[in-house]
Amino acid sequence: MDAAKRLELCKEIQENEIEALKAIFMDDFEELKVRNAWNVTNGHVYCIHLCSRSANSKSIAKLDLCIELGRSYPYVKPVIKLQNGENVLNSQIRFLLDKLDTKAKDLLGEEMIFELASIVQDYLNDWQSDLSSQFASLEEERAVQLKHDRERAEVDLQLRLKREKDALFEEEQTLQNKIQDELQRRSYETPQSSSKKKTNSKETTSLETLPTSIYFDCSISVRDCHDSLVTFNRVLPLYTISHSNLSTLTLVKPESKEISLQDCVFLLRTVRISTPYWSTEDGKREIQELEYELESLKVIRHDLLASIYEYQLERETRGYGWRLYVLQEYSPKFTLFSLLQTVLTLDVETVRAFSNNILEGLAELHRLGISHKSLHLDNVVLFHSGHRTFAKLMDFGFTRTLRDMNASHPFNINSQSITNILPEGLYPPEVSESSFAAASRKTDIWCFGLLVLQMLCGAHVLNKFSSLKLIMTHVIPLLPGSYQDLVRRCLMRDSRKRPSAIDLLSSHVIRLGTAVLPPVEQGTFSKSARPSYGGQQDGIIDLLYRKSVSRYETDFEELEFLGRGGFGEVVKVKNRIDGRFYAVKKLVLLSDDKENSRILREVMTLSRLHHEHVVRYYTAWVETEANDTVTEIISSDSESLSQSLNMAVDFRQSSSLPADKLSSLDIHFEDDYNSSADEEDPEASDISFQYSNTSDKEGSSDKDSSIEEASSVKTQENGLNATLYIQMEYCEKLSLQDIIRDKIPVDEMWRLFRQILEALAYIHSRGMMHRDLKPGNIFLDENRNVKLGDFGLATENENYQDNNDKWKNRQSADEDLTTGVGTALYVAPELLSRRNGVRYDAKVDMYSLGIILFEMCMTFSTSMERIRIIDTIRSPSISFPSTFPFSRASHEFKVIHCLLQHDPTKRPSSQELLESEAIPPKVGEEFIQEGLRLLSNPNTPYYLKLLKVLFGQVPDRHKDFTYDFNLSEESGVLSKVSDRGWDSLLACLVRDHVVKVFRRHGAKERESHILFPKSSQYDKDQASVSLLDKNGTLLQLPYDTVLPYARNVARNAVEEEKTYLISDVFREAKGGGRPKAIKEISFDITTNSDNLDWYDAETIKALDEVLTEIPSLTESCILINHADILSSILDYLQVSKDKRRMATHILGQINQRLTLSQVRNQLRIESLVPSTTLDDLSLFDFRENYEEGASKLRKIFGKEMPQKMRTALNYMERVVKLLRALKISHQLYFMPLCVYNFEFYDGGLMFQAINLAEKSELICAGGRYDKLVRFFDPPLMRTARKKHVVGICFALEKLVFSMLRYIRFHNSKQSSKHSPSPTLKSVGPWAPRRVDVLVTSIGKDSILEKCSLLQELWALNIQADIVLRGASSLEEIVTHYRSEGINWVLVVRQKNTQMEHSVKARNILKNEDDEIRFDEVGMWLLGEINERKRNESMLQSKRILDSAQQDVAKFVDTSQSNLDVQLISLKDVNDRKYKWKHKQNAMNKVYDLVQSAIRESSEDAIALAVDCDSEAMEKLRSTTTLDEESWKRLIESCPASQREYMQRLQKKLVTLAEQDKKRVWICSFRTNEIYLYGLK
């Protein structure tokens, strides 16, 4: 054919095709006039306007197909363009153009425009299904939201009415209470009897309204009567025992099933804070400080401190304000005030016992850096244990804080007037009522002195003598002698001169009672003035002069004299009971209080020390004996004394309460005390007080009124000798002084020095210092190990306290420590200073240690040389002698030089020196600890040597065998054996679908970074896998994919880049062994551009597409938030910066693992959010669309909204607009508490996806992590252009498990239909398949035939595998391999058989067998696979359609209706050009329209799907099958192209009428109109 004829033929073909296209597409076909470069009109450019077709919604996706035909078309491919797309992504257009271009090449030589248009139409219909389901869900969501808003408005109205009603009721109740209060006030002002007043008091107490129960967020742990730990959360009020203007005290019992708790009673203090100030920021800040104080106090447990078990701060349920609950230990006995109200005064021995308890409690508080601040009679409570009664301190610290807070801003109207605790004249000089917050430990000592006065003279004494001058002049001279000195010392005006609690405990009047007291003269407070309980009492001197058995002589055998000191001797003894050897120090107690205090201070110090290098202390006691003349006089009278009275005093650990600790207390409680009895009635208690120590001569007149002067009367004058026995650990008769004279080997010297240093570090950590450290006080045991002893000058380091407790009172800068000094050669220079106010601390021991080390290094020929050289080195210049055996670079020189610095601040502490490199490593058994220290410091010279040895170990085979021991233990859902085979197959499917989405966005795969230096961004409790390389570098495996990529971006120059990564992240195995690997998929966009909102939006769009791609995630939603918004919320909640990491970790579990209530409790338990703002957390617990969520935030913050929150909201608004333009398929919510890895995404947008079908399971998380990138950006490599990264991370395991549950669900539905292979039929393309085809044989093996067939299948790209051994039956093969997703089994016949040229094919899906010729197997399988793909595509389309119709279907009883949809098309139904998908979509659309109306018909119905416009549908309503004229008018009014179509419709209706059908549904799939057409 020549060129002219060819062109003529092409023109004819084009004209015919254009005419056909105009008939098919009608108005949607348009011829365009396009001018070329030479301004000539090209008349062969056509445009077809295509849109998606949907039966139940408008056309959403639209696209114009523009075709430019060349002269040689169809032999030359036309120019194809896609324009004017609506709701179609650019990526989809590019994809479609590739499809059209490929199809056009395949159809060269044929008419192709209709085929190309059909392809575009098909894809538009597919996209329509996705978009229509999205829009439908949005519309339904809007309807649900509107309904929810209406319901919420109704609830709000009801709540508002209820609040108004409650407010009115409360106002009336308040008025009624005021009326009752006024009546009671008037009744008290009128004269009436005391019994009447008591009755009114009871009525007032009962007026307090008690809640039914109080719930504590934190569990409360207490020990029951069996010393078992039991817990509870709720308490039930029993009775209000006290109601003051400040607080209410209520007896409560725990609500618990524990039998041991049934009789337990606790004290609940309730403080109501209702004035407006406490709702302001300043008020909340003060309340928050109170919480910190209570948090520190509730952990204190001591036998002489009443415990604070728990506290809770709640908002008032009505109105504004707070309610504070403090649960405390309760005593069913008296307070000290109640006791003194009953018995007026106490005898001196009882005062001593109670004073000892009070001082031990104060000493413990002061050791913790806490001042009581509110020590008075009501805060000393009495407890009963066995036959003894002892005193405890309660309400320490926080009650004074409450009073001060109330004084500055009253808690409520009634709390404006609070009674002062002390008279104005008796306040400590350093404070007043308004400034008591500045109270220190010395203020507590002042209050203790007043307590002693009240115990000795009665509670009223401070009211009668209301100034210090009156007390000093008229009261103190009448006290017993030693108590005069005690009270005077406590009431020193200069707080620096007051003793500490430890000093007072060491005084003989407290520790020894009246054992060494002289008799005193009778004063004003005489025996006759006291109430008598239990008969006539004997005097103190009578009690002391009775005969007793010596404990020392009874229990010990004295073996050897060890040494003698100024006040006594030390002997070696053998215990007659256990047979062990001990050292006993015997000290004669003199009348000098100061010397006795020094002796007792050593005992007190030893009692609190327990260390391997400190001399162990066991016990101490005092024994007294009289001179012969006195004994003889008293022996006759002593018969009347109680024979059970024992004067031995046991000084054990001060923090415990031994059985015989309070042996001198003579208060006996008879039977059980009824706690509900009236405490003001003396007759209500059965208590007898025996004043066994009362003397007829209790007081002494002191001629000298000076406070500082203490009376002293010698014991010898009264014929009384007192000896203190101290039982200690026995050390061999050897000290460092004995061996230091000889040359000590260097290794031995350092060993001894380290032990001394460890002992010092221990006593310094206990808040004490030795102050008399010298070789003679450093003893050596039989193994030549150090034992530090002789604590005669040791003292409490009153500077020691917890620096972390900011609320605790700091020690006054003017407080003095003891001024005693040790041996002159070893004592620190600051101790020798005579200047007043010179302060020192534990560094004085370090100076002494330096002298000792110097002496250990040197060898002296004479004592004078020793003194001269040590005196020289003690100079400020630290002049070492020329004979010093070590160089200046040696450890010895450096340590001594730093220890002998005259400036204490330049000396190291004991712990610092112990941890420094200056101390040579230990040897022998102690090397392990030293090795750990060296490994932790890479700068030591031994570090690399240790690593070399560490990495040079010989591998252990047993560790190799057990390394993977726990690897098979799965933590996920997979439990069946068959599921485990599915894991990898399904994971590959899921991974491929996710990667397809990422590649659609132009992402390329990047390399993973498997090992990098350990990062500080992870918490210690996170199970990251840490490793150590041979160079000692600490490394880690990836814990996630975010941090390694951020580190890589920071270190490399990166332009705009989209990447994805599929990599393992690792978790440390709990029991050791191989780390657990978790597959993670991430998608990240890196850029230097400033269009951050677009990249954030694109990342979220990619997330949305992944959720759409995986069918198990269709019921998911996307949550967005901004880190700056969450940070502003944490500021609003007053969460401190150091607690935000843990707080955000807990907040991230809201509505996933934990409810809001559980999150609140967790935050409360961890003390992360103050109670004053914890209730405000609910304000931000919402999940709304962006506009509503932003509006809520603006209402909450108002004009005080932080600027960074405003900026973040504006940024989020831009991102949301872009997402709506991108038309994401899933619901987008704004959730202010949405957070995951806050430290990573700080300063940027954060987003998550959660699966609502799986209890809000977190699917993935992501956000912008620019700050993390900057964290890893090396300072020297930073550029002006910032690097921005945003990304998302999926845990592949979660996606696989989600799909697995989805498959199981569909399997369970399909199994009821008895499908032969429900697994594959129900899930379609998501069925995991290892291969499609399995080649096998029956009986004798035919390996060569199988190989030939297998090679042919592989050549056709068919996935196939072989079973090498022949099977016994085909059913055996099918059963064995069905779980692997195989569809076809091919059975190869053996040679020389009748069927050797054919193959038996079993279709497992259909359970059908076919015989296929051997040479046709490949093509047959290709056809079968293509058919399966079409069926799976149909199944997937039907599932999407069913999902969109589920809301309609639930209202229609489809089981009772049989709808037959028949299509009337423009062309013959069997015409191949009218594709099946067109027919199916049209019929499905009509089916949906009929569903909403099918309820009106109870009979089977027929629906006709027609392609008519609205005008034609309207005219159809006026026609009937019996009226031919109406049809003629209808047909004539239609366009020529539609008339034939309408005639065919008429014939169809007549045919149905002849079949006796009554009615038919006529549905237009063009206009979505439906009409029930009557046929009769």
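Backbone N, Cα and C atoms are what each Cβ position is placed from, and that goes for glycine too.
Taken straight from Swiss-Prot:
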{"type": "DOMAIN", "residues": "16-127", "note": "domain 'RWD'"}
{"type": "REGION", "residues": "180-204", "note": "region 'Disordered'"}
{"type": "DOMAIN", "residues": "235-511", "note": "domain 'Protein kinase 1'"}
{"type": "DOMAIN", "residues": "556-928", "note": "domain 'Protein kinase 2'"}
{"type": "BINDING", "residues": "L562, G563, R564, G565, G566, F567, G568, E569, V570, K585", "note": "ATP binding site"}
{"type": "REGION", "residues": "673-714", "note": "region 'Disordered'"}
{"type": "COMPBIAS", "residues": "695-706", "note": "compositional bias 'Basic and acidic residues'"}
{"type": "ACT_SITE", "residues": "D772", "note": "active site, proton acceptor"}
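There are 11 other Cβ atoms within 10 Å of the Cβ belonging to R564 (ATP binding site).
Separation of the C-alpha atoms of D772 (active site, proton acceptor) and L562 (ATP binding site): 20 Å, rounded to the nearest whole number. Taking the Cβ of L562 (ATP binding site) as centre and 10 Å as the limit, one finds 16 other Cβ atoms among all the protein chains shown.
With helix defined as DSSP H, G or I and strand as E or B, the domain 'RWD' (16-127) counts 45 helix, 33 strand, 34 coil.
Counting every protein chain shown, the Cβ of G568 (ATP binding site) has 19 other Cβ atoms within 10 Å. Shown in sequence order, F561, L562, G563, R564, A583, V584, K585, K586 are the residues of the chain, 6+ apart in sequence, with a C-beta less than 8 angstroms from the C-beta of V570 (ATP binding site). The residue listed as 'active site, proton acceptor': 21 other CB atoms within 10 A of its CB, across all protein chains.
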